Amino acid sequence: WRALAICVVLAAKLSEEQALKQACPSCGGHQLCNCSAIGLDFVPSGLTGKIIRLDLSHNKIQHIRSQDLRHAVNLRALLLQDNEIGSIDEDSFSSLGKLELLDLSNNSLAYLSPSWFGHLLSLQHLHLQGNFYRDLGEGSLFSGLQNLSSLHLGNSWFSTLRQGNFEGLEHLEELWIVGGKLSEYEPGSLKSVKRINHLIIDISHAAVFSAIVRDILHSVPWLDVRGIKLEIGKESLVQNSTLPYVMWKLTFRDAWFTDQYISRIIVLLKEITSLRELEAIDCVLEGKGAWDFREISRTGESFVETVSIVNVMIQNFHLFFDLDGMESQINKLKRLSIVSSKVFMVPCKLAQHFSSIVYLDFYNNLLVNNRLSETLCEGAWPSLQTLNLSRNSLKSLQQTVHSMSHLITLVNLDISQNNFGEIPDVCEWPKNLKHLNLSSTQIPRVTTCIPPTLEVLDVSANNLREFRLQLPSLKELFLAQNQLKTLPGAAPIPSLVVMSVRRNKLNSFSKEDLVVRGAQVGAVHLSLMECHRSLVVSLICVLVFLVILALVAVGHKYHAVWYLRMTWAWLQAKRKPKRALPKDVCYDAFVSYSENDSDWVENTMVRELEQACPPFRLCLHKRDFVPGKWIVDNIIDCIEKSHKTLFVLSEHFVQSEWCKYELDFSHFRLFDENNDAAVLVLLEPIQSKAIPKRFCKLRKVMNTKTYLEWPLEEEKQLMFWENLKGALRT
């Protein structure tokens, strides 16, 4: 009874594993189980402790049951996003103590239960956004999640945050709250979290924004606000708050501003004395720059040092004022980026007050040469070290250089992706310029216009056919994607450390082209491989291909692969005892047959033998081979654990590549040990000479051993079964 019970348990386990593999083919014996987007409407059964990552996303699952994940005790990541989950049993996740990532986003959960998360002591990342719940309940859902690092929650209907919702959470790397309709925020709701390195709030109500800011001044270094429509408000953002604050960066994404609120927000943000960086990304400004400069100036200087404006749409930019009166707010600004925002100029009067700017980025705007002189007028940007004018509408390199010649502190200049077309012979650059990017500017040549003080020069993606400049300080030179046929000479660039010349038309090298550790190329004797690398490599590849082709042809003709397989099987078998111990023999026969004969074998022979009295125990490769084990070991082990080997011979058997492969390794064990364990069943007439010649001993046995032929007449089949059973019992 004990043995029977063990067999029942093993059979049930095997059945579950087969059910899992049938439901999700990638789960068979693997640690990473990918069942994403295969139309599942349930959690597959048979999940075991082997699995550490389970992806069930993008399916149609509606319910998580208590038993679904009970045995997946080693799961580290569980991905359930983008299903139709509307209900989860209270203890569905109780066995997942090692889980680190749980994603339930974009489902149909109308509420969240604290019991779901109570046992997830290792959880680091929890994604709950995009469901139907409107609040987080009265208490805290996350009080036991001491290792939680990132938390994403909320949805389009999310409306309420209460005190105590985040009790128990002390430190988060990222908290993302999606609250398009978040209108009820109890003050202090976020104060319980001592540190949130990055807080993302997707809200539309300005009043909620102000209340949240007051709560997080001492706990959030980076606040990222998305989708807000800022309106005029007069309440202080630091009301009843004490110094020091920790917020140093504030980002607005997809926000909507008016002239009136721009004025107000500038004043309010100056109260956050720790704020050093402002970002506006994908925002809209409705207005013409008619800001309240008197109020802005009255409240003192700004502490912000970095401003980034990316893809901001100003609907009436052509009517925009010159921002006269903002001078006091920009004196301490050190880094300014205005990217992809259709800027065509900065008024000279305003530019002259950017006295501390060291980094200026105007990438992908509408700057043109006749306005550039206004933007870079005399006295403007006196501390500028890095300037990016890449991808604008500049047409004249000479005028561009002239506009910035007075920038005496400029070190790095990027004017790439402007269509200059021509380059003058002489230019007057800033005297301290070290890095220059002229890539993708359509210049056909390089001239002495290039400043000799450069340490880094990029002229990639142009139409250059040669490079012969004297640049004694140059350390890095980028010449990719040009038309060069020879390398630059070494003597004019003696300090060069890095040079990129990929995607050119180089076909030869002169002795003066390179320097090798201080020696001239003339003193270096190059091999045939170094001089004609492409030709030599091509010849070697052709020869290797021909040799491989010849080896394949010879191996195929003389069955080399078969002999290699047999040698390996012989070496493996040599290490094993000649016969398995009686206690290890667990099958009456190992059955070798063609897949084309599987219908007769599995539905006729197996049924007859396994339902006999007493029943025979048969070993079938489909059913009894160990998944993931090498086929050689599977075949040899199964033969050794079987009293007999039963061959079901037919024309299909002889022609089947699978049967040949199986015979390769069963052939040695059965016949090279001179045992009498083979039982031959002829399913149809077959001549011994149809057997491949390399199976010489099998051919010999077919000539000397009695067959059991399957009769077509029903009255003779009873005798056939009796004879077969008798042969298997001997």
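We number each residue from 1, going along the chain as drawn.
Including glycine, each Cβ sits where the backbone N, Cα and C put it.
The disulfide entry in TrEMBL for Cys427 points, among Cys377, Cys449, to Cys449. Sequence-distant neighbours of Cys427 (disulfide bond) (same chain, six or more apart, CB under 8 Å from its CB) are Leu397, Gln398, Val401, Cys449, Ile450, Pro451, listed in sequence order.
Mean pLDDT of the predicted structure over the domain 'TIR' (585-728): 78.
Reported as a whole number, the C-alpha separation between Cys377 (disulfide bond) and Cys33 (disulfide bond) equals 63 Å. Rounded to a whole number, the distance between the Cα atoms of Cys348 (disulfide bond) and Cys27 (disulfide bond) is 66 Å. Other Cβ atoms within 10 Å of the Cβ of Cys377 (disulfide bond) number 17 in total over all chains. Sparsest Cβ environment among the disulfide-bonded residues Cys27, Cys449 (other Cβ atoms counted within 10 Å): Cys449.
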